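The next block holds one structure in the form of structure tokens; read it before the comments.
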Amino acid sequence: MQIFVKTLTGKTITLEVESSDTIDNVKSKIQDKEGIPPDQQRLIFAGKQLEDGRTLSDYNIQKESTLHLVLRLRGGGKKRKKKVYTTPKKIKHKHKKVKLAVLSYYKVDAEGKVTKLRRECSNPTCGAGVFLANHKDRLYCGKCHSVYKVNA
């Protein structure tokens, strides 16, 4: 029977084979016509690579079927090294929710009078709601950078 082999250049060659012929036998016939050694040949039929020991009938290759010839690529890709991190990743800060935390900013005396424990900045550029930071010997405004001494 006659089969066609489409080569690397796009040229189609015809081979006279039998259905009992092995793929090795077909590759040697291609070598006789094209000069490509069998160990560099890969034959593809219906999207599958043909293995050397099998016959044409194993792959259901019939008369006037077309095989595709491609070259075998030697070697593989270079193995990449895995990244090794020297420092451990920083753990994200978890917000601790404290129930009724706002009560720590106010004081209620025996008569029921509510007073603020934190002082507001008296500078007119800051406005209401800007509190002073308590330090050991002073009060500090983070907005206008004013410092107030505390008499202790």
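In case you wondered, yes, glycine gets a Cβ from its N, Cα and C as well.
Taken from Swiss-Prot, the feature domain 'Ubiquitin-like' applies to 1-76, supported by sequence analysis.
Sequence annotations record features per position, and here Swiss-Prot assigns ubiquitin cross-link to Lys6 (among others). The Cβ of Lys6 (ubiquitin cross-link) lies under 8 Å from the Cβ of Thr12, Thr66, Leu67, His68, Leu69, each of these being in the same chain and 6 or more residues away along the sequence.
According to Swiss-Prot, the feature ubiquitin cross-link maps to Lys11 (among others), an assignment based on similarity to another entry. For Lys11 (ubiquitin cross-link), the count of additional Cβ atoms within 10 Å of its Cβ stands at 10 [all protein chains shown]. DSSP assigns Lys11 (ubiquitin cross-link) to coil in the three-state reduction, outside any helix or strand.
DSSP classifies Lys27 (ubiquitin cross-link) as helix under the three-state reduction. Residue environment of Lys27 (ubiquitin cross-link) contains 21 other Cβ atoms, counted within 10 Å of its Cβ in all protein chains. Look at Swiss-Prot and you will find Lys27 (among others) tagged as ubiquitin cross-link, backed by similarity to another entry.
Among the features that Swiss-Prot reports, ubiquitin cross-link is placed at Lys29 (among others), with the record citing similarity to another entry. For Lys29 (ubiquitin cross-link), other Cβ atoms within 10 Å of its Cβ number 18.
Look at Swiss-Prot and you will find Lys33 (among others) tagged as ubiquitin cross-link, backed by similarity to another entry. Sequence-distant neighbours of Lys33 (ubiquitin cross-link) (same chain, 6+ apart, CB under 8 A from its CB) are Ile13, Leu15.
The ubiquitin cross-link feature in Swiss-Prot is assigned to Lys48 (among others); the stated evidence is similarity to another entry. Listed in sequence order, Tyr59 are the same-chain residues at least 6 apart in sequence whose CB falls under 8 Å from the CB of Lys48 (ubiquitin cross-link).
For Lys63 (ubiquitin cross-link), the same-chain residues that are 6 or more apart in sequence and have a Cβ closer than 8 Å to its Cβ are Met1, Gln2, Ile3. Swiss-Prot lists Lys63 (among others) with the feature ubiquitin cross-link.
Look at Swiss-Prot and you will find Lys107 (among others) tagged as ubiquitin cross-link, backed by similarity to another entry. Taking the Cβ of Lys107 (ubiquitin cross-link) as reference, residues of its chain lying under 8 Å away and at least six apart in sequence are, in sequence order, Val114, Thr115, Lys116, Leu117.
Summarising the annotation, Swiss-Prot assigns ubiquitin cross-link to Lys113 (among others) and lists similarity to another entry as the type of evidence. DSSP assigns Lys113 (ubiquitin cross-link) to coil in the three-state reduction, placing it in neither a helix nor a strand.
Swiss-Prot lists 121-144 with the feature zinc finger.
Annotation source Swiss-Prot lists phosphoserine at Ser122, citing a large-scale study or a structure entry. Ser122 (phosphoserine) falls outside any helix or strand according to DSSP and counts as coil. Ser122 (phosphoserine) counts 12 other C-beta atoms within 10 Å of its own C-beta, drawing on all protein chains shown.
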Checklist entry - What's the CA-CA gap between Lys27 (ubiquitin cross-link) and Lys11 (ubiquitin cross-link) in angstrom, rounded? => result 16
Next on the checklist: Are there any residues at least 6 positions away along the chain from Lys113 (ubiquitin cross-link) with a Cβ closer than 8 Å to its Cβ? List them or say none.
Outcome noted: none
Checklist entry - If you measure Lys29 (ubiquitin cross-link) to Ser122 (phosphoserine) at Cα, how many Å is it? => result 100
